[in-house]
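What TrEMBL says about this one:
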type	residues	note
BINDING	29-56, 428, 430, 508, 535	substrate binding site
BINDING	301, 330, 332, 379	Ca(2+) 3 binding site
BINDING	638, 640, 664	Ca(2+) 4 binding site
BINDING	693, 694, 695	Ca(2+) 5 binding site
COMPBIAS	445-456	compositional bias 'Acidic residues'
DOMAIN	137-172	domain 'EF-hand'
DOMAIN	597-724	domain 'C2'
């Protein structure tokens, strides 16, 4: 298929920016101060893949999918370009930022205009691809596989190419089946399929039997669906309050008052028809509650991109976390050379970055995906002079966005809300005096000693450097004064905190301590979190940057449950699911029973109360579509998929059930398996769908997953998108399920 045909499918046929990318051009690739080489870059005819010239003797044709690009940044906004280029070429530079661990592509054009053209054109194509509907994405994926299977580029398909194509799309069939399939489409009885025969092959391949069954059961109007038929379907299956206008508001139906099977499939595949309630895709919760009434998406040792002992530190790690709506980042601050404070994991071989560079990166990217407040959690190991410089950088770089005194004109008795703090930065750290000193003319305290952060002491006890006693550090007044609503204090007991701590005095708990308190004093922990903030952090022994399960911490109302964002495993999937709704803004309002002082909620014992809402979650896993091949190098490696449905919430609700596995079909496997899950506290439950490739000899391989709160699930027949381990959408893949949450007696 030629570029114009693909461009037409993108809705960009004849577009000047697309033609610019297809023509391509030479750009200077920057890797170091000495490695700057001119290379050719251009978009391939599929309009989905960029080609880059390579001088390597092996693998000279280097490409990358447009889908793999996370963003394109104008100017010298990457570590590499800041380090290896001069400020004078700022307007000629741009960076291509990839999803996952792949290194940035730092490039320099010959002029400002050319750089702008590259950035504008790439962003237009990326936005266009992201805005394709499910049907278009599926077509693009299949056509791309057909192009790869068409070895001699003659736009025909031989039997051999058909078999190769089926393996490309993750199906293994017998020789006999492949030959029968070929014959069924080969009306001309020639050696190749071409033209209409290929279209017939495509239609047979993409036939959705399960959709046809649903459609036929509701299509009462000469094999088509009338507006009334659709309303019946919406009311009976989707449990939606439909109206005639709603029913008739889509394309084909709007014009003809009828809907065909293809129209019905497109209707089901609309984004608003997915499992996530569309009303929850924007900020829908009350954002005017005190800050401590929210779960806050939080990162631990944010500067690390890998492990905790020798991995690299990077400003890019902060950018990636912030772009995922993380609202609390950690800065481990130490004395650096030339009087400039640095950030790294103390007592280890992790690399070092400048504190000021991190603050600049945070300022630039903090509010790109969410404008709700960002908390800077300081772990301060610096001497007084470098602390003063830290305070200077915070104030001078962040400016008016930094909260340096309480809001209002009198001493507050509670936290401001996320709404009041939009676009603001809060500093969490040690403070020399009480907050009311900010309103006093007598705030003359200079530097003094304070106990170091609990996490810093734990870090040293962890064998990274033997220093068992918690030590005192000198604290500069300038740094103390920027700590307003998040003053770090040591935790003694819930009674001591209730009687002696102000609302703005917060403690950090290492995971073992927090889990113990959650097990033994859950109700007290919940009450503590009703008027104070709590931060939980991973054990120092997790040198591989693994994570603890965040769910038990949310169950007891802890707000700042800090995780290693760089580690893409189940715990981060749960975190992404928890913060998926409410516009993915990084703040989720806690259930009312975790905010009301009269509540006696205990997630471990579940005594009777307003939190106990006995439900049954019914799930039928029907089918999957276009699962990715895991081993692309081995053509005959086909997925044997199974689906696991997990519930994560209070202990009584935790459960997991899985389908049987299907041999050699990752393209359109069908299970039709039903599960039931009893749910006690739906407001704290998350549901996670996991697809794995079954392996009898070893651990199953991960294929994709999707997680969301049970309260954000839409009832009925729903498509479930699938995400990679790192949380990026797999463009054409998905599950098809039927879900319904009913009162337990129903």
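The backbone N, Cα and C atoms fix where each Cβ goes, glycine too.
Unlike curated entries, TrEMBL annotations are predicted automatically.
Location within the structure of each feature annotated in TrEMBL.
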residue	record	contacts (Cβ under 8 Å, 6+ apart)
29	substrate binding site	36, 37, 38, 39, 105, 106, 107
49	substrate binding site	43, 63, 64, 65, 66
53	substrate binding site	39, 40, 41, 62
332	Ca(2+) 3 binding site	301, 303, 343, 344, 345, 346, 379, 381
428	substrate binding site	328, 375, 376, 377, 378, 483, 486, 487, 488, 506, 535
638	Ca(2+) 4 binding site	167, 170, 171, 172, 629, 664, 665, 666
695	Ca(2+) 5 binding site	640, 701
Study note, to complete from the structure: Same-chain neighbours of the Ca(2+) 3 site, Cβ within 8 Å of the mean position of the Cβ atoms of 301, 330, 332, 379 and not counting those residues, run in sequence order as 300, 302, 303, 331, 343, 345, 377, 455
Practice item. Give me the Cα-Cα distance between residue 45 (substrate binding site) and residue 693 (Ca(2+) 5 binding site), rounded to a whole Å. Key: 32
Revision key, fill the gap. Around the Cβ of residue 694 (Ca(2+) 5 binding site), other Cβ atoms within 10 Å, all chains included, total 15
Check your understanding: Looking only at Cβ atoms, how many others are within 10 Å of the one on residue 33 (substrate binding site)?
Key -> 9
Review point. DSSP helix, strand and coil counts for the domain 'C2' (597-724)?
Key: 9 helix, 60 strand, 59 coil
Review point. What other residues of this chain sit with their CB within 8 A of the center of the CB atoms of 638, 640, 664, the recorded Ca(2+) 4 site?
Key: 170, 172, 639, 641, 662, 663, 665, 666
Study note, to complete from the structure: Taking DSSP helix as H, G and I and strand as E and B, the compositional bias 'Acidic residues' (445-456) has 3 helix, 4 strand, 5 coil
Review point. Given the Ca(2+) 5 site residues 693, 694, 695, which other residues of that chain have a Cβ within 8 Å of the mean position of their Cβ atoms, reported in sequence order?
Key: 639, 640, 641, 642, 661, 692, 696, 700, 701
Review point. Taking all residues of the domain 'EF-hand' (137-172) together, what is their mean pLDDT?
Key: 81
